């Protein structure tokens, strides 16, 4: 709030405010959609595969992002009504808990996308040995390691978020992981054609190759949506820390509410991509809503 007030004094850019009703509507839609994805995977035994478990991990991250923005807006409303103060000890602890949830959502999304990318890579280039390499047990171990690391990192970053030494590694992690996934993509698509020729003699190679490339394209869509929705907010964190007094930085920070809304839109778009790209998931959704056999 102090940064916002200061921004109005040094720039002509007006603060863009998103109505609270829009926040709650978008957040509720994101939570419900991702909850449906989790229920669908649990109910359909055909979806008990490593790839869908990684997708569930991404869905949980999206839910945490929407839940964070919902709690944050409730906190702001209570402060405006006078039930909470902005500088109390309880409010400080509550704010740290919400910041930790936000960081957990961001780190969980990044590492879930990385796990999905690695799974697609193994599927394409080690198709004949995929089920031996990526077993269900190994997938669960990977997810346990990911969420343990993300939980510990989110708590540490939230507690020391006012230190530049903490903010810099956190913000560097975002482009670094995205660059790594991008390199994995480039390698994946450059070698996919030559790999397809090597296994062309197999009876089911064409079907498997089309399925695997479809999974890679789906992951590309996930990554593009994630970058569009999260990158503006990460940039806001950097500008607020390192150039809050610059008029141009202050002008960008005036759209803070819009950047927060984009994060919640990511939670709405991802389940739509799941449903549109996965026939098995679409069929499960139909059975859930229509009670068909």
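If you go along the chain as it appears here, the first residue is 1 and each next one adds 1.
Placed from the backbone N, Cα and C atoms, the Cβ positions cover glycine too.
Within the listed segments 71-93, 140-162, TrEMBL records transmembrane segment for the stretch 140-162. Residue ranges 1-21, 22-42 are listed, and TrEMBL annotates 22-42 among them as transmembrane segment. Tertiary neighbourhood of the transmembrane segment (49-68): same-chain residues 26-28, 30-31, 34-35, 37-38, 41, 98, 101-102, 104-106, 108-109, 112-113, 115-116, 119-120, 123, 134-136, 138-140, 143, 146-147, 215, 222, 263-264, 266-267, 270-271, 274, 281, selected by CB-CB distance under 8 Å and a gap of 6+ residues from either end.
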